[in-house]
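Now, the feature entries from Swiss-Prot:
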- Cys68-Cys293: disulfide bond (DISULFID)
- Cys80-Cys92: disulfide bond (DISULFID)
- Cys113-Cys155: disulfide bond (DISULFID)
- Cys297-Cys321: disulfide bond (DISULFID)
- Cys489-Cys493: disulfide bond (DISULFID)
- Asn24: N-linked glycosylation site (CARBOHYD)
- Asn38: N-linked glycosylation site (CARBOHYD)
- Asn54: N-linked glycosylation site (CARBOHYD)
- Asn79: N-linked glycosylation site (CARBOHYD)
- Asn142: N-linked glycosylation site (CARBOHYD)
- Asn181: N-linked glycosylation site (CARBOHYD)
- Asn301: N-linked glycosylation site (CARBOHYD)
- Asn499: N-linked glycosylation site (CARBOHYD)
- Cys555: S-palmitoyl cysteine (LIPID)
- Cys562: S-palmitoyl cysteine (LIPID)
- Cys565: S-palmitoyl cysteine (LIPID)
- 1-16: signal peptide (SIGNAL)
- 17-530: topological domain 'Extracellular' (TOPO_DOM)
- 552-566: topological domain 'Cytoplasmic' (TOPO_DOM)
- 531-551: transmembrane segment (TRANSMEM)
Amino acid sequence: MKTIIALSYIFCQVLAQNLPGNDNSTATLCLAHHAVPNGTLVKTITNDQIEVTNATELVQSSSTGRICDSPHRILDGKNCTLIDALLGDPHCDGFQNEKWDLFVERSKAFSNCYPYDVPDYASLRSLVASSGTLEFINEGFNWTGVTQNGGSYACKRGPDNSFFSRLNWLYKSESTYPVLNVTMPNNDNFDKLYIWGVHHPSTDKEQTKLYVQASGRVTVSTKRSQQTIIPNVGSRPWVRGLSSRISIYWTIVKPGDILLINSNGNLIAPRGYFKIRTGKSSIMRSDAPIGTCSSECITPNGSIPNDKPFQNVNKITYGACPKYVKQNTLKLATGMRNVPEKQTRGIFGAIAGFIENGWEGMIDGWYGFRHQNSEGTGQAADLKSTQAAIDQINGKLNRVIEKTNEKFHQIEKEFSEVEGRIQDLEKYVEDTKIDLWSYNAELLVALENQHTIDLTDSEMNKLFEKTRRQLRENAEDMGNGCFKIYHKCDNACIGSIRNGTYDHDVYRDEALNNRFQIKGVELKSGYKDWILWISFAISCFLLCVVLLGFIMWACQKGNIRCNICI
């Protein structure tokens with residue numbers, strides 16, 4: 001019985017040697033591109049989702065959680081608002097003459113001096129923030145006939161009643177308050193910012209007690225402007241034990257101009273001026289901590305890297321920042337179209353080319369060759385076509401960043417309640433800009449992705465056509481990215497095809513002869529190999545069944561005896 005089974009096995013092996021796929025006079029050469037098991041989906045102009053081997057995320061969606069103190073000079077407002085620091089609130093004295101690129105206002109900031117309001121708060125805040133300094137110069141104003149340096153228990157500096165350090169509260173001297181008429185020329189070559197105010201007593205009694213006159217008036221003029229303020233006497237909500245208020249105003253005096261102050265009462269006078277500088281300093285409301293790190297881009301959420309062209313962390317930014325978009329993700333293709341390799345290629349592991357799928361594990365190149373010949377199988381990358389594709393894809397990310405990064409800051413915009421319609425319009429414009437940029441970003445990335453995929457497909461086709469031109473009639477295009485070579489082609493021959501030194505004339509006669517011989521016996525169906533192997537397997541199976549049947553019949557008749565020993 002053992003002899004019969006052994007003979008059957010030998011017979012099947014002999015038949016297998018005569019199948020066309022094992023003919024040593026031919027070889028198979030396939031071309032394909034790199035593939036990965038799990039690619040990345042990107043969007044192109046023609047396809048919402050197409051898989052590529054590699055892609056780079058273009059949207060920065062998270063911050064560091066802290067504001068970096070470099071390269072920008074960050075000034076932490078702590079418990080002080082910028083306006084309180086400007087006026088000289090006692091608990092903000094540490095900010096005198098400070099400079100910054102970005103002033104960070106905290107939600108915990110508070111005022112701790114005489115209650116005040118600023119009718120044009122947003123404009124003053126923006127002006128001082130962009131100036132980037134609280135540098136203050138005292139001037140010798142001549143306030144004759146009045147008492148200076150008024151203070152209040154609502155504004156303590158240590159244990160003493162005090163006032164804003166940059167303002168001078170004037171009130172009557174003995175029982176008189178003369179008309180004040182003071183001028184101050186600007187003989188320097190820069191703009192000067194003067195901060196002044198008007199006191200609004202809570203009662204008529206307080207008005208006459210401080211300023212004698214029942215109604216005061218303050219007029220501040222330059223050659224270009226004039227402001228006249230009449231105090232509004234009356235009670236207001238109590239703040240820090242007071243129902244009176246101070247209104248803060250400001251005047252810019254240009255070089256060569258003159259500041260003129262005229263008043264018969266209620267004047268909160270300036271002590272000097274602030275230097276106004278032009279620059280790109282700014283202010284931001286944020287509760288993010290300030291850390292020791294470096295980042296060009298700052299948002300209220302914290303600093304973010306600017307190595308991506310887009311971000312959706314916050315609309316408010318400072319520095320060289322990615323463009324704000326609504327999308328959470330935009331992926332830029334930096335690899336080729338991905339067609340994962342099929343895990344099984346038939347019973348005998350046939351190879352296939354790029355028409356069917358890519359190849360995994362090709363780490364030394366994007367495009368390459370696989371071959372099957374009398375010496376076995378092998379694989380090699382084509383470095384020239386790989387480098388051609390990489391050279392064109394490299395730099396895509398940098399080019400997109402250059403097109404989109406803002407080299408300026410997007411400041412916070414504030415409006416008073418009376419400017420509500422302007423605020424609504426500004427919000428509409430900002431939202432429209434964001435919508436437009438979000439659409440443009442998606443379109444830009446889709447165009448770049450389309451170009452990348454078309455480019456990598458083109459390099460694959462170029463390599464295939466180059467190989468076809470070398471082989472000519474010595475091989476047949478199998479329609480799946482492979483060539484059936486009709487002559488014996490060892491590894492040296494395969495290498496010459498890869499490096500472009502293959503001479504088809506050397507193998508022409510052998511190839512033509514083999515082509516005609518093989519064509520005479522090959523099936524024309526696309527499933528010829530499958531049919532041959534299935535027929536072979538069925539034949540072997542039937543042969544074994546017949547032999548086993550014969551053995552069982554012989555045993556039953558007593559012609560063969562089987563002994564089973566344990």
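Glycine residues also receive a Cβ, built from the backbone N, Cα and C atoms like all the rest.
Cβ packing within 10 Å was compared across the recorded positions Cys297, Cys555, and the lowest neighbour count falls to Cys555. For Asn301 (N-linked glycosylation site), the Cβ neighbour count at a 10 Å cut-off comes to 18, with all displayed protein chains included.
Each of the glycosylation sites Asn38, Asn79 was scored by the other Cβ atoms within 10 Å of its Cβ; the lowest score goes to Asn38. Using Cα positions, the member of the recorded positions Cys92, Asn142, Asn181, Cys297 nearest to Cys155 (disulfide bond) is identified as Cys92. Of Asn142, Asn181, Cys293, Cys555, all annotated as recorded positions, the residue with the shortest Cα distance to Asn54 (N-linked glycosylation site) is Cys293. Most Cβ neighbours within 10 Å, among the glycosylation sites Asn54, Asn142, Asn499: Asn54 holds that distinction in the structure as shown. Other Cβ atoms within 10 Å of the Cβ of Cys80 (disulfide bond), summed over all protein chains shown, number 23. Counting only the Cα atoms, the space from Asn79 (N-linked glycosylation site) to Cys92 (disulfide bond) is about 8 angstrom. Using a 10 Å Cα-Cα cut-off from Cys297 (disulfide bond), the recorded positions that qualify among Cys68, Cys92, Cys493, Asn499 are Cys68. A separation of roughly 58 Å, to the nearest angstrom, links the Cα atoms of Cys555 (S-palmitoyl cysteine) and Asn38 (N-linked glycosylation site).
Cα separation, Asn181 (N-linked glycosylation site) to Cys113 (disulfide bond), rounded: 28 Å. Nearest Cα neighbour of Cys80 (disulfide bond) among the listed disulfide-bonded residues (Cys68, Cys113, Cys293, Cys321, Cys493): Cys113. By the criterion of other Cβ atoms within 10 Å of the residue's own Cβ, the least surrounded of the disulfide-bonded residues Cys113, Cys489 is Cys113. Ranked by Cα separation from Asn142 (N-linked glycosylation site), the recorded positions Cys68, Cys293, Asn301, Cys489, Asn499 are led by Cys68. Ranking the disulfide-bonded residues Cys68, Cys113, Cys321, Cys489, Cys493 by Cα distance from Asn38 (N-linked glycosylation site) puts Cys321 first.
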